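Undergrad: Here's the feature list from TrEMBL:
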| type | residues | note |
| --- | --- | --- |
| ACT_SITE | Asp234 | active site, charge relay system |
| ACT_SITE | His265 | active site, charge relay system |
| ACT_SITE | Ser435 | active site, charge relay system |
| COMPBIAS | 891-901 | compositional bias 'Low complexity' |
| COMPBIAS | 914-931 | compositional bias 'Low complexity' |
| DOMAIN | 72-156 | domain 'Membrane-bound transcription factor site-1 protease-like N-terminal' |
| DOMAIN | 225-490 | domain 'Peptidase S8/S53' |
| DOMAIN | 511-639 | domain 'MBTPS1 third' |
| DOMAIN | 640-840 | domain 'MBTPS1 fourth' |
| DOMAIN | 915-970 | domain 'MBTPS1 fourth' |
| REGION | 891-931 | region 'Disordered' |
| REGION | 1126-1163 | region 'Disordered' |
| SIGNAL | 1-28 | signal peptide |
| TRANSMEM | 1095-1115 | transmembrane segment |
Amino acid sequence: MKFGNTIKFINTLLLIWLVIGNINFINGEKENRNVVEWRLNSTLVMNNYNIDTLYYKKTPEIIVSQKNYLYNQDYIVMFKQYYDQKQHQSLLEQITAKIKGIQNIHWMVVDRNNPASKHPSDFALMRVNANSQKLIKKLLRNLERDSLVKYVYPDKRIIDPLKKWQEMEMDDHHNINSSNGRIHSRIPDDFDMSFSTQRQLKTAQAYQVTELFNAHVLWDNGYTGRGTKVAIFDTGLSRSHKHFKNIVEVTNWTSEDTTDDLLGHGTFVAGVIASQEPECMGLAPDSELYIFRVFTYKKGSLTSWFLDAFNHAILQKVDVLNLSIGGPDFMDRPFVEKVWEMSANNIIVVSAIGNDGPLYGTLNNPADQLDVIGVGGMDFSENIASFSSRGMTTWEIPDGYGRVKPDIITYGYQVLGSKPQPKIHGKCRTMTGTSVSSPVVAGAISLLISSVHNTTAQKYINPGSIKQVLVESGDRIQGSNANIFEQGSGKLNLLSAYKLLQEYTPRVSSIPSQIDFTDCPYMWPYCTQELYHSDIPIIVNLTVLNGVSISGEIKTPPIFKAGENGQHLKLEFQYEQRLWPWSGHLGVHISVPYESREFQGMAEGVIEVNITSIVPFGQINHPRISTLHVPIRVPIIPTPPREKRILWDQFHSLRYPSGFFPRDTLHQKDEPFDWNGDHLHTNFRKLYTALRESGYYMEVMGSPLICFNPLHYGTLMIVDPEEEFHPMEIKKLEEDVRNHGLNLVVFADWYNNDVLQKISFFDENTQQQWIPATGGSNIPALNDMLSVFGIYLGDKIYDGEFNIQTESAVYSSGTSIIGFPKHGKLLEISLIDQSRQISMGRTSYSNVPILGFYRPTILENEISDSSSSSGENEKKSIFESITTSIANTFSGSSFSSSSSSNENVVDNLEDSGSSQPTSEKSSNSNSNNNYNNTRLFSGNIVIYGDSNCLDESHQNGDCYWLIKDILAVILDRTYNNVTTTSGHENNDLSDKVIQEKFPQLTTLQKQMLPLSGSSRNTIELPVRYNEKGMEKFSRVMHDNYYPQCNSYHKAFFWPSEYKYENITWSQRRVVLPSLSIPSTFSLSSEEIYTLKRQFLIPGYVLISIVAIFLLIVFFKKNKIRRLRQQDDDSVSSGSGGNGGISSQIDRDFKDSDDPSGTKSSVPLLRSYKPDIVITNV
């Protein structure tokens, strides 16, 4: 090898070593703090990620080029009225002709070849092709501005999530592109629903729902569903199926050329409604069936297919529509509004609530809509089926509180139904799920409608009246302690509904019909906590049903008529004035006035609401006023002590479908989205129960953090936040903790840019990457909020288990603490670096801090009186009012008793609390409970890096014991502390309580800073991966945003609000402490040892490799020189016939050292070697 090439090779190795030196390796782990390049991993499908598919694999990647990629997308252009479909092209041409600068956009109206194409339609399907997303956005904006257009919306794919997750496990080299479709509940395959023939025959005798409902009573009276039109939107049905005698129409709305049911699901659903097979009779066997095949064999569909099918159902004037499908996307506007239109056209829509139970907050759309009858499932023992989704609705979160759903429940476990035609042998089979419960109710409604023969009574049949009949005749199930969000109004009672329908008179009613907080367990969670003064008002959302008319109006505000002790209640109402179609909502906000702060007892009264409906009488519409009466009964107690009250931050929780917010654990593959609301009464329900059983009072805050009075609460819990924190919230919270004794408990979750990139997916509809808005938690936002205390979280993901004394916990895809103040206490645990597993395919363990306790110092001058006499002088620039308390000198150290390889500790750096300007006393000091006149003392801050152990959605093991121990420690320290001689609080955290609960905690003698692992002389924090994407879903990030309190929070006014009122989120740096390393910074000996382990040792290995290589080259050259010398000696002692050879060899070796010489001397030496050997002989 040439010496010059050797030098180049050595330089290359040294360069590699230098590059590695600038990457932070902690026990070989890669730092993930930089925003990575956008790219599409061809092995990943959409958002269907799991820990197996995320591990490092050598697979090709496709770089998405913005310059030469052609965008191709279908949009639903919704018009304000119906037009002949032949006019759609010309209408859109007229509109687009007015738009300038879109010459490079190519578009066309897609022909919809289906039965609805010959009828007028209220939407056009527009296919847009362009090379620029900006051009497409410009086109869409101008389309929506036109007077003929209602809105423009993407044509979403409706997909089966479990099917897609199975596809994701295909060979790595498959390139699968997927769409951000409207996900629905799983459609089972035929083999999923079948049992053995022997089992079917036994089930047929025992579990025929027609027998359980005594449907023969109505049949014997001649009521069999005859004359009732039932539409079934599903997977199709064979026209020649032997179980059905009254199939009026079978239509196909998919891209496949068949109407047959290739999956069996649609056949089963139709059989539950109208089968005439004796072994599996339908409830309404003579119903007229209208079959709509809206799903392909691959269980896919499009919103536009549904819209056309809905329009056709309206034209056919069907009476009942069964939708045994649903999904979490309640923001698919065309779909949701078309369902409303179905109800407005007197079609009773019945839908399954989903199979995502027993988790709460898992209702599917459209079952969660007010006008739809949402059906849950139970087994034949009349227990709520574990698979049945639970309420509440999550439309209203985070600002408000959900509505009651399901509306009704019925049998959904091993129900008998029909087999598809190709497998008719055996005739019937069983199936489980709420997609079975839904046709049970649809069949019952068809049967009930057929029982009404009186012409006048038939006019009363509408979605409002039928829903009233079903819920008012429902029977509560008692055995399983099922609450209102599990069973709604109870189980379907067919005969009671029949009797009620025969006596029905048009009226208004509500769900629930009364508000009784003593009715436990049915009224959970309302019945689990009494009301008291200063409690955040309890919200009860009533669903108002109007059986009188499609449209009603609340012209005068509702009133509360106090009954016994009713003067101790304060009621406020929120509602939409118009009720349409057939329904509306009334929000009741219940609180206790100041005068009743010491009252204990039961308060009662009645809510009255007058609803004006327009009733047609001949050709004249007459107004009719109906009065709704809702009794209310609420227990009241004296206000609990502050330390027993916990405030839950709901405002900073964001979830799907508003955006792509990934789940909180990377182990689960059966649920890609975080969509359950993160509410104490949904996926944190068990946490709520555990804390209530421990004597704590829980309150939910749906407003920004400036809106609550810290003197009312012992603890604020911020768990798994996704929303950003406004500067005003950050400063308010700092003051609350430092000066007013508020304890802050934060449970964070994972965040890593590399992982966020891997779980992004390519959207076929928009030809773009769909990127997560943030991680499991928004760690950059949390770091902003916690920075005022000197606390920071990292962007590595850790996983594992640990024990604290006799208790154990699972740490599932959590973060770690990378910055913490002096005197803080940290718990270090050895965990698997999951981010390294995902990005590099390697497993390693690291000792990392995951739990931290800290009590900050007091800001003494924060609430001192102001001597300024001018209001203008008080509003000084915030730039002048904020100072940084970071010290100028540092010296390295580690934990007092143990050290981690990734801890960065410096000296003389307290938590970065800022000295604030003085403020005058609030003029509302009385309403603020003397906010400025209380004794100053600080609360505690507790940080834990994983929220999965509190969250039921994908819980690998709970840690309710941990939060209870944390509360026991901080509440004991805060309110039973010892003051120093100076009157200030003692901030020493080394007391018996904390040592008893957490003996493994170690105290920081120096402040730990989030230092860069590569250079160790710069600060490095997690950065926002998709800031522009997050801005679409965040309220806080917009420059025109100002934190607004809900009406029931406006009683509190933060005196320092004026100081920060002009600072936007983008200007937040002016209120956050600066964080930098001074020039006097030096490392401790222990940190130097860590650096040797991390960087120098790998460097020594590289140097050793280079040295060995040089030795090999050196010895090789020496060997060649010795051979040459031997040859020279041989030539000189042999015959002279070969004398020219020696000189030739000399020239060759001389040329080998000359860069301009010949290639190599070795081949020449071998060429002449025979002659040399002969000479030697």
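For all residues, glycine too, the Cβ spot is worked out from N, Cα and C.
Bear in mind that TrEMBL entries carry predicted annotations, made automatically and left uncurated.
How about a rundown of where these features are and what they're close to?
TA: According to DSSP, Asp234 (active site, charge relay system) sits within a strand segment. Note on Asp234 (active site, charge relay system): other Cβ atoms within 10 Å of its Cβ, all shown chains, come to 26.
Secondary structure from DSSP puts His265 (active site, charge relay system) in a helix.
Around Ser435 (active site, charge relay system), a 10 Å sphere centred on its CB holds 30 further CB atoms from the protein chains shown.
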Undergrad: How big is the Cα-to-Cα gap, in Å, between Asp234 (active site, charge relay system) and Ser435 (active site, charge relay system)?
TA: 10
Undergrad: When you measure from the Cβ of His265 (active site, charge relay system), how many other Cβ atoms are you left with inside 10 Å?
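TA: If we count other Cβ atoms within 10 Å of His265 (active site, charge relay system), we arrive at 29.
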Undergrad: In whole Å, how far does the CA atom of Ser435 (active site, charge relay system) lie from that of His265 (active site, charge relay system)?
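TA: A Cα-Cα distance of 9 Å.
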Undergrad: Based on DSSP, tally up the residues of the domain 'MBTPS1 third' (511-639) by helix, strand and coil.
TA: 9 helix, 70 strand, 50 coil
